[in-house]
Amino acid sequence: MSGPFAQGAAATVTQDEQSGRTMTNLLNLTLPELEAWTQSELGEPKFRAMQLWQWIWQRMARDFDTMTNISRPCRELLAAKACIVWPEVSAVEESRDGTTKFLLRLEDGAQIETVLIPSDSREGVRRWTQCLSCQVGCTMGCTFCSTGQMGFERNMTMGEILGQILVAREHLGDTRLHWPILRNLVFMGMGEPLLNLKEVMRSLESLNNDKGLGFSPRRITVSTCGIEKGLKELGESGLAFLAVSLHAPNQAVRERIMPKAARWRLNDLMAALKSYPLKTREHITFEYLMLGGVNDSLEHARELAPLVSAVKGKLNIIVYNAAEGSPYQAPSEERILAFEKYLWSKDITAIIRKSKGQDIKAACGQLKAARQKDTAAADADPKNCE
């Protein structure tokens, strides 16, 4: 394969099982790449690419035969050279609070998770936020994170990242273009976005296209645990808000609970954030996961306050959602409230966010880990060897 999309060729193409032909998965092409592919592979003008783009991302079509404003010969050529492959739903679990977690199977059999979180209602219609994964597993190894304990398999492609949104919208029956019920996206699922910067940036550019999924940058947040590489590029792009998984008030705690992220020292991270480009009314969101007896004391709050107040931002205090086998536990409500009260006394906007979906293992990586454990147990059962 040649052309402007050749650099992602390994992730862009798939093998047709019946014919053995190499097929291009159109989910993996940005609009400029799709325009180039349409011209080189189909001999069609640019407007044909726009028609395809809208069918794929707005009408969520998977079958070329449904694309009725495209001529039959062109549809037949598309079917011979291309495909539209979504992630496959392996499991869906819904919490009492409405939070819905999906275990998705990618084309190579790898599994990832995405979560739908209910938010505000407007005119009697519930709105949703989706938590997206960007890697299969994670290389960072944060000690409190189920995904971090799985290890890293590979980066996800743009098509796999955005395919999560198509799955969610189909589940919600969300077909409205101008006021969809899926309103916000957060890159806070499996993986570290800045370690898959190329595909995440391609995803953001495609998301911002108003002829496709049409998500404003103000409705997208990218969360990092503090990776120097890529932070500047993300900020200069203006394609999303920034959230930083801080979780530690000092370098010692950071090294204990986030050993790989701690290689970029906390003081250096905070210094970089002071110069992070922000638009008017923008701010950085700091995520602080409270772990009982680890980072939840008043002394920790006193250390945290000057770090956060030096940056234009706000702090989300997250109550730990305990995972099976984890060495950590949630702090007491008394300690949580005292922590929050101290930060407010220092004029820091601090909001307690209780974890949703606790009854369905909605925290990052928990459902996949549980399924892997169940599979391993079944494989080890002597009855399955008969």
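Along the chain as shown, the residues are counted starting at 1.
Placement of Cβ uses the backbone N, Cα and C atoms for every residue, glycine included.
Given the structure is predicted, the values throughout are model-derived calculations rather than measurements.
Copied over from TrEMBL:
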ACT_SITE  Glu113  active site, proton acceptor
DOMAIN    124-359  domain 'Radical SAM core'
BINDING   Cys138, Cys142, Cys145  [4Fe-4S] cluster binding site
BINDING   Gly191, Glu192, Ser223, Ser245, Leu246, His247, Asn321  S-adenosyl-L-methionine binding site
ACT_SITE  Cys364  active site, S-methylcysteine intermediate
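A Cα-Cα distance of 11 Å separates Ser245 (S-adenosyl-L-methionine binding site) from Cys142 ([4Fe-4S] cluster binding site).
Separation of the C-alpha atoms of Cys138 ([4Fe-4S] cluster binding site) and Gly191 (S-adenosyl-L-methionine binding site): 5 Å, rounded to the nearest whole number.
It is Asn321, among the binding-site residues Ser245, Asn321, whose Cβ has the fewest other Cβ atoms within 10 Å in the structure shown. Secondary structure at Cys142 ([4Fe-4S] cluster binding site), as computed by DSSP, is coil. Sequence-distant contacts of Glu192 (S-adenosyl-L-methionine binding site), defined by Cβ-Cβ distance under 8 angstroms and a gap of at least six in the same chain, are Cys134, Gln135, Cys138, Thr139, Met140, Thr224, Cys225, Ile227. Here the Cβ of Cys138 ([4Fe-4S] cluster binding site) has 27 other Cβ atoms within 10 Å, regardless of which shown protein chain they belong to. Cα separation, Glu113 (active site, proton acceptor) to His247 (S-adenosyl-L-methionine binding site), rounded: 22 Å.
Within the same chain, residues at least six positions away from Leu246 (S-adenosyl-L-methionine binding site) with a Cβ under 8 Å of its Cβ are Gly226, Phe286, Glu287, Tyr288, Leu304, Leu307, Val308, Leu315. In sequence order, Ser133, Cys134, Gln135, Val136, Gly137, Cys138, Thr147, Asn155, Met156 are the residues of the chain that are 6 or more apart from Gly191 (S-adenosyl-L-methionine binding site) and have a CB within less than 8 Å of its CB.
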